[in-house]
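Heads up, the thing below is written out as structure tokens.
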Amino acid sequence: CDLSVLTMAALYGYDQIVRLIFKYTDYKQLDDYNTAPMVQAVENNRTRIVKTLLEFIGNQIHLDNLRNCDDKLMLHVAAENGFNEILELLLDAGASPNTTTEDGETALHYAARGGNARAIELLVRAQANVNAQQFTGLTPLHYAVEHCDDVEKAKAVVTQLFMAEAALDILDNDGINAASTAKTTELRSLLNKEAKFRADCPVHYMVRNGNLEKLTRWFSDLNAHVMLAPHTWEGQYRQGATWYHVQLTVNVVPVPHEGLYRFFGSDTDGIGPFTIKGSWSGTTIEATKLYEEQNIEYNGEIDLLTGVWSGDWTGGTSSDVFNFQIQLEVCPQCKQNKVPNRDEACLSCLPAEYNSDVNEDTVEEQRLRLEQIQESITKEILARDENGRTALMCAAQEGRAGILKVLLHFCKAKALDDTDNDGKTALDYALSRKLVCKHNVDHNNNEETLDCIEMLSSYSKTSVDPTHIPTLLNFKREQGRCTGDCVATLEEVNLAELAQQYEWDRLGAKLMQTVPEHILNKLDTTGKSVLHHVVSVGKSDILTLLLDQKNININLTTEDGQYPLMLAASANRVKCVRLLLNAGADPLNLISPDHFDYMNFRKAPLGLLSDSKALYLLESKNNLKQKYLPYYIARVPNCEQASVHVQAKQSALHVAILAELSVDILQKIIDQSIYDVNSQDKHDETPLMVATKKGLVDHVKVLLKNGADVDCVNNRHESALMMAAVGGYVNIVSILLENLADVDIRDGLDRTVLDLLDDYVKDHLMKLNKQEMMKAPHVQIQIIILSEIRQRQTSAEYRAKLAKSLSDVNVENAFRHNGFSKAINCSPELGVTFLNDCVTLDRHDVHFSNLDLVYGKRVSSSALYALLNMKTDDPELIFESKTKCFEHVVMQRVLEIKWELFGQRKFFEMLLVNMLLLVTMTISAITFSGLETKTKEVFTPTSFKLVIAILSMALTIVGYIALQGLRPRLLWRLSRFHYDRSIEFDADMEIPNLEYHKTKVKRYLKFTVVIGTVVLTFALIGLLQVTSLISSFSIINNLVLAGCALYFLLTEYQEARAGLASYLE
């Protein structure tokens, strides 16, 4: 027959075409536009087409009269053939589940005959008549047991009909019921068991079916509704040091003639069912909770403003405090007093005769009545069916969390220990329920199952050990394994066919989750995979999703031997070509040996392509591969960009890490150029530092495995460990420490990694409480580093490992990168070896080298500092290291240099000031006693005290000035003046016999000090005599003494500022 373009598109599932027709054509001119397309879509199970048709013309389709050429209703077709997604769509769109054929068959009849249990569930949910009879009187139950060919499917359908409370005793026109027409003994037995189950266990029957409404009516018939009181008082009680939740469900009855409220109720808790009674007078509330074996008393006061009732509880030998929150309302009459019952007046506003028949005895009668009702309900709930199951077990088995919660109100906790004939408890039933996947066609979830497990385990105080739950549940399905049990699974979709049909939205949705390899790389009937179709049409957005799939094979060829790159390039799909190249596709991998033209183009495959932008991209990428192979592996787009990286001193490893490429790519680059592992960019940062700053743990591991220098520093003298610590990367810090990262390296501001962490904690974490601070990664890193330092100080294994790692270190790295400090802390012999490399001996002289490194640019980086501040607690190791190293000629030479550069000058400066301090202090002590002199001493120019004091002052002044001539630069100038009468400083000039000239200069300085001291002494004494200050010499002496003290205070301050912790030690 002739089909319109719309019907054809619906028949073959071309959703995009259907949408285009509705959007851009006058589709109403097409024949049967509102019937034929839907019929074809339903009959061929085109779910997406059905959705589209309902979206655009759903209100124009008569779903209840939609028939195919065989005059079958489409709802019936979907139900019988298992097209459940379509069936659900039609029902949601308003199709009647009770529409019948000429024979009186409903969709339920068709579903029963087809063995489609899911369809039964959907139709029943849509209010289908489960007992509908066709023209011979047969119900869906008849159809299931008589006409369904598959016994297992028939049993599933029958079970669903049982759940829907299908009648078992309906007779057909021949007077035969369903059990009599059953084709197998198994099905007949199933029906007979169900009839007995309904008769013997009505409560179990209602619970299994999830019929809460009918169960509530049954409670009402037993007057159990009085147990479901309107007030729930939530609270807590303390026992020992722990607070526990408690709940009371009560009826509150005002009794105006007694001036109080009386209340009663029942509930259940961890101990079991209980009833409660009590009274409320003014602000005093007293209550008694009565269990089968014990009572608990609550006595306390209520705050009418907040509704908080608090006081003491007593039970047996235990007692403690409690509090409840009671909901209070304003009296509707006086608008002042608070009342517990909504829309009921307070005791003052109610008439005295209101509830005049209520007293303590009537409340006790109600409580006893509750106990009787409780016992009768409990008896029914705990009754056993033929399998030994209680109603609790039935609720747990079917996952009826709401019903289970109601049933638990009437049961003791020990009832959950009951077992059925197979030894299973209610909790066992809940735990054995099969889980459903997060995404399933039935839109089911696991919430009720988990609620059942939580309620049962909590009520019975039984913990569920999650370690016994397998991480992968091996429940089978057609397309492989599933981590849960689905009631039904989605039909496997051929992604290549979706791409061929331009179903891009649907394909994109599928690619949002991980797709198995056998589906992702499957070829369709045209010999192409989804990747081939996507690159051919240039869908770069879909290609991006495909390349994100870990199982995608970008080198998969079509059946005729074409690679995806060939298909994209030949169609000039530039974006797709670029994406494939960035994903690692070889620019010359265009055709395989299976291609008919392979022999002609195997050496020059680019000749297959005509001139285009795609060809230019491939040629550019191929040139990059030839010239800059490591950068090609690092996914750099072209040679120009590679040149930019080279000029910036960024190696291919830097580029790969910045782009966060995989560790496999990183390893390929290292295999190609192993020396790039420790290459440094313009900021002197190595690939390890870049990976550390970005927090790439796997990349750090690969770099260290391939010999990355863990202690290399950048131009700010920061190491990888410092960057990891400041970044808060705990795992990376641990890895670096395992690889012997140095914790004593100092940055450009003379801070160690611990100093940096201390600064970070002070600046960012001080506002946190102690518990939160201890969880902070920077604090955890502090703890890890301090622990590592303690371990290194005493670990012989660490010393051996460190010594082995330093055995191949050259002298420059040893002294520049703290290697010498590490060496002496693990092996004195290794430290001596480094010193030996700085000296050579010949027949005539000793030659030193690298003394600048041994001396150090900073105090903390010098060899002398390392010897004086060893990082070990082993006294024998410290003694051995210091002895061997300080006796070495190199260290002796370094000490001589330090003495000449500043040591001797500072020594004599302090000697002079100390001498002056001693003299002035002695004179002051002799002259003064307390704050004033006893007898005023008269000084003359020849007084011994005055002469000694002035002589000391003059020597100190002249000597201090002369000692400045020992400063290196000034001493060199004076030596040159002695040599050629010039004082110009020239560091490149070599003065012959420099030591001779220095000695001469020092002699002249000594002579100057002697002469200057004598001259200055006479001058000062004369000045004191002329100015009459000689009488105040005692005061002058004390002022000089104060100046000496100030000098030493400043000296101490400078030492403390350089390192307060060390100074205090």
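Easy rule for this one: first residue shown is 1, then count along the chain.
Placement of Cβ uses the backbone N, Cα and C atoms for every residue, glycine included.
Copied over from TrEMBL, here are the features:
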type	residues	note
REPEAT	70-102	repeat 'ANK'
REPEAT	103-135	repeat 'ANK'
REPEAT	560-586	repeat 'ANK'
REPEAT	683-715	repeat 'ANK'
REPEAT	716-748	repeat 'ANK'
TRANSMEM	911-931	transmembrane segment
TRANSMEM	943-963	transmembrane segment
TRANSMEM	1004-1024	transmembrane segment
TRANSMEM	1030-1050	transmembrane segment
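Within the chain carrying the repeat 'ANK' (103-135), a Cβ under 8 angstroms from the stretch's Cβ atoms is held by residues 73, 75-82, 84, 87-88, 91, 97, 141, 143-144, 147-150, 153-154, 156-157, 159-161, 163-167, 170, 172, 442, 487-488, all 6 or more beyond its ends. Distant neighbours of the transmembrane segment (911-931): 937, 945, 948-949, 952-953, 955-956, 959-960, 963, 1034, 1037-1038, 1040-1041, 1044-1045, 1047-1048; these residues of the same chain sit at least 6 beyond its ends, with a Cβ under 8 Å from one of its Cβ atoms. Remote same-chain residues near the repeat 'ANK' (716-748) are listed as 686, 688-689, 692-693, 695, 697, 700-701, 704, 710, 754, 756-757, 760, 776-778, 780-781, 784-785, 788-789, 798, 801-802, 805, 817-818, 821-822, 858, 860-861, 871 (criterion: CB distance under 8 Å, separation of at least six residues from the stretch ends). Proximity of distant same-chain residues to the transmembrane segment (943-963), defined by a Cβ-Cβ separation under 8 Å and at least 6 residues beyond the stretch ends, is recorded for 905, 908-909, 912-913, 915-916, 919-920, 923, 926-927, 1005-1006, 1008-1009, 1012-1014, 1016-1017, 1020-1021, 1024, 1030, 1033, 1037, 1040. Under DSSP, residues within the repeat 'ANK' (683-715) fall into helix, strand and coil as 16 helix, 1 strand, 16 coil. Across the repeat 'ANK' (716-748), DSSP classifies residues as 17 helix, 1 strand, 15 coil. Only residues 6 or more beyond the boundaries of the repeat 'ANK' (70-102), in the same chain, are considered here, and those with a CB under 8 A from a CB of the stretch are 38-39, 41-43, 45, 47, 50-51, 54, 58, 63-64, 108, 110-111, 113-114, 116, 118-119, 122-123, 126-129, 132, 134, 441, 488. Sorting each residue of the repeat 'ANK' (103-135) by its DSSP state yields 17 helix, 0 strand, 16 coil. Sorting the repeat 'ANK' (560-586) by DSSP state (H, G, I as helix; E, B as strand; all else coil) yields 16 helix, 1 strand, 10 coil.
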